[in-house]
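J.: Annotation source TrEMBL lists domain 'Tetrahydrofolate dehydrogenase/cyclohydrolase catalytic' at B:6-121. The domain 'Tetrahydrofolate dehydrogenase/cyclohydrolase NAD(P)-binding' annotation in TrEMBL covers B:141-284. Look at TrEMBL and you will find B:Gly167, B:Arg168, B:Ser169, B:Ile233 tagged as NADP(+) binding site.
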There are 2 protein chains.
Amino acid sequence: MAKQLLGKEVNEKLNARIIAECEELKARGVNPTLAIVRCGERPDDLSYEKGATKRAEALGVAVEKFLLPEDVSKEELLRTIDAINANDQIHGVLMFRPLPKHLKADQDEICNRLDPRKDVDGMTNGSNAGVFMGKELGFAPCTPAACMEILDHYGIDCTGKKAVVLGRSLVVGKPAAMMLLAKNATVTVCHTKTRDVAAVAREADILVSAAGVLKSLTKDYVCPGQVVIDVSINWDEAKGGIAGDAVYDEVEPIVEAITPVPGGVGAVTTSVLIGHVVEAAKRAAQ
Amino acid sequence: MAKQLLGKEVNEKLNARIIAECEELKARGVNPTLAIVRCGERPDDLSYEKGATKRAEALGVAVEKFLLPEDVSKEELLRTIDAINANDQIHGVLMFRPLPKHLKADQDEICNRLDPRKDVDGMTNGSNAGVFMGKELGFAPCTPAACMEILDHYGIDCTGKKAVVLGRSLVVGKPAAMMLLAKNATVTVCHTKTRDVAAVAREADILVSAAGVLKSLTKDYVCPGQVVIDVSINWDEAKGGIAGDAVYDEVEPIVEAITPVPGGVGAVTTSVLIGHVVEAAKRAAQ
């Protein structure tokens, strides 16, 4: 039976660290603050906003909301971002995407208006450059950062290990690969054009699955001794709930350790986001 | 006997393409221009400058030199870069690094003052973000870009192939990995902490060696059918000249194709640089 890598266990320590850092900052007169920028009222956004707000407040991070109508003009949204950039009481920004349809063509320009130093969700070119170069320019997207928190929490040393990442998206696959490389893993990135992915995956010591395809990670992809980080959140109609890429019941008995879905990576991303806000406040206070 | 992948053959076609594009731009009133920024008179810089100037002029690209004294102040250098950014008659910039010692601490800030769109040598954060994200923000460093030109010229399709990159530097290893990924290869990045590099390398269909260690790529690293791109330029005391990573005489008889050193990747980088200037001029003219 595999060890379960549980988001809640990671969060316990991570949250305690964030609370302590928050208190330290407040003692120095810095009040770590997250700005949330939302255009319209998409249910997904509202739900994530609620969770992030609750977590932020529980950890001591203030939340300031910038709520704009769904038909907000590009100019108005840019003015909002400019004001946030100029406001040194705001340390991190979560802006929901995709932006409303009429702003879609300008989404790239709008996102990049944000100062990368406040980009706690890894959406700007500056944050991407930082992840690629290993520089503190912005922040990695929260999901791959959550994967690293899980590895760290469970003391899984990546040095010299073979890490295989399934997926090459900018929100998970590519940054996860760069972060594993920074942890001295030998990293292989697989994708839809990879031949015999299962054989490549079986070679991994650490397997990060971000395929986003329900039941794609079967027993053929794994072998004893592996650590499996199942990043994906897929809707499983049969189960009537969310599930990862792994066919959990057949993968779990084989591998050494695995993150469940739900309760694994996804459970850590909100704390990572808040942790980034605190880190941004620390950097700004230096 | 392996096929030799020769820089001069790649250059022939690449140069012809650059000349044609240059003529097309000139017919539209655009005169592709490279600015060279040099502080001091390091022999290496002078030598590269001479080669780049000659190649640029042969291909129809104008060169404008900004020659500053070795003790140039940071402010003066920044003013020079600002002037170049503002000058829409200049499309690409080659600035020699490392900068003089007194500017070393500010090198990062100085390099990033350049508009990424003119950064034909891949030194800015913007260029790095572009390589990582697969966006046209700037330009890849010339050496990994030269590797891709060689693969393209010889019709080596990367899709689904296993590519192994030895080295994870920002000037070669990491960008080469991203560019191979963009060509749909399954990419593995190895480095000094990788266990049994030779075994990983032997699995490659395309092996890019950027270790920068003379005679590090032995017969144990290769197998029949492989394409070997030897990126490194090492000084070989015994030979009294430059050599790559490969022990050429033992690797060449085994593999399918290999770039010699000299005469391989290094021979293509200058044309790639000039090609980037023309591409920058094309983008600016759009």
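Cβ coordinates come from backbone N, Cα and C, glycine included.
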J.: Among the binding-site residues B:Gly167, B:Arg168, B:Ser169, B:Ile233, which ones place their CB within a distance below 8 Å of a chain A CB?
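T.: From B:Gly167, B:Arg168, B:Ser169, B:Ile233, flagged as close to A: B:Arg168.
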J.: I'd like to know the mean pLDDT over the domain 'Tetrahydrofolate dehydrogenase/cyclohydrolase catalytic' (B:6-121).
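T.: Result for the domain 'Tetrahydrofolate dehydrogenase/cyclohydrolase catalytic' (B:6-121): average pLDDT 98.
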J.: Count the Cβ atoms, other than its own, that fall within 10 Å of the Cβ of B:Gly167 (NADP(+) binding site), considering every protein chain shown.
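T.: Around B:Gly167 (NADP(+) binding site), other Cβ atoms within 10 Å: 23.
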J.: Note down the number of other Cβ atoms within 10 Å of the Cβ of B:Ile233 (NADP(+) binding site), including every protein chain shown.
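T.: Other Cβ atoms within 10 Å of B:Ile233 (NADP(+) binding site): 17.
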J.: Near B:Arg168 (NADP(+) binding site), which residues of its own chain have a C-beta under 8 A away, given they sit six or more steps off in sequence?
T.: B:Lys174, B:Ala177, B:Val189, B:Cys190, B:His191
